[in-house]
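Enquirer: If you look up TrEMBL, you'll see B:H101, B:R102, B:K117, B:K124, B:K125, B:E126 marked as substrate binding site.
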Amino acid sequence: MVNILFFAKSRELSGVNSAQITVLSQCTFTNLLENILQQYPSLAVISENIILALNEDYLSKDSDVNLQEGDEIAVIPPISGG
Amino acid sequence: MENHVEVRENKLDLEKITSTVTSPSCGAVSVFIVYQRNNFDGKRVKTLEYEAYIPMAKKKMFEVCQQIRDKWEVEKIAMEHRIGLVPVTEASIIIAISSPHRKESLEAVQYAIDTVKAIVPVWKKEIYEDESSQWKENKECYWKSS
């Protein structure tokens, strides 16, 4: 189980701030995103427009991901700070 | 080397932030402030709502501080971002940097705001007078699709 956090538009679409989900411990960025989209199909409308963070660092879209129990994944829509 | 970063829900205190970076060895303090405009595409903005992934936002703000120190000789850096409801004409972020001479802090403060807009996970929703709203996207954000 990992913790997943949703922000901004992704929070509104998923309807939750955070959740615990089960994902593969070893996968690619694309697999992980697909897995999240399966569990939160309402995110499909922004699927081309989000990046994921793992333990407070951005994952690159071509990376392999190793996940451990208790890791924190965040769904990050385009940012607009400043 | 002093880096001060904060993400807070209350009004930013310009004088306090500026005073955290002053130093007897520094002849320059450069300050950059983002204020909220009251219009977008002809629509009147009523208010703005910011949210942040606070621990990651602070981590990325510290990374911006480090990147600045890799590029310029600056003394102290302070950046505070406001979240929650931010009224039009109030500040959403203040960045203050001190350096012995003005060139370094002037360049660094521009780099700081450009990089904050690119990597710090903070989101702004504009709420218009007709009650419609929109999540904004910084042009510096590399993963936005359009």
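Glycine too: its Cβ is placed from the backbone N, Cα and C atoms.
The structure displayed is predicted, hence computed values, not measured ones.
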Enquirer: Using Cβ atoms only, which of the binding-site residues B:H101, B:R102, B:K117, B:K124, B:E126 are under 8 Å from chain A?
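Expert: From B:H101, B:R102, B:K117, B:K124, B:E126, the ones near chain A are B:K117, B:K124.
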Enquirer: Among all the protein chains here, how many other CB atoms are within 10 A of the CB of B:K124 (substrate binding site)?
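Expert: Other Cβ atoms within 10 Å of B:K124 (substrate binding site): 22.
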Enquirer: Under 8 Å Cβ-Cβ from B:K117 (substrate binding site), six or more apart in the same chain: what's there?
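Expert: Result: B:N138, B:E140, B:C141.
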Enquirer: Considering the binding-site residues B:H101, B:R102, B:K125, which residue's Cβ sits among the greatest number of other Cβ atoms within 10 Å?
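Expert: Counting Cβ neighbours within 10 Å, the top one is B:K125.
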Enquirer: For B:E126 (substrate binding site), what residues in its own chain, 6 or more apart in sequence, show a Cβ-Cβ distance under 8 Å?
Expert: B:F40, B:V45, B:L48, B:S133, B:Q134, B:K136
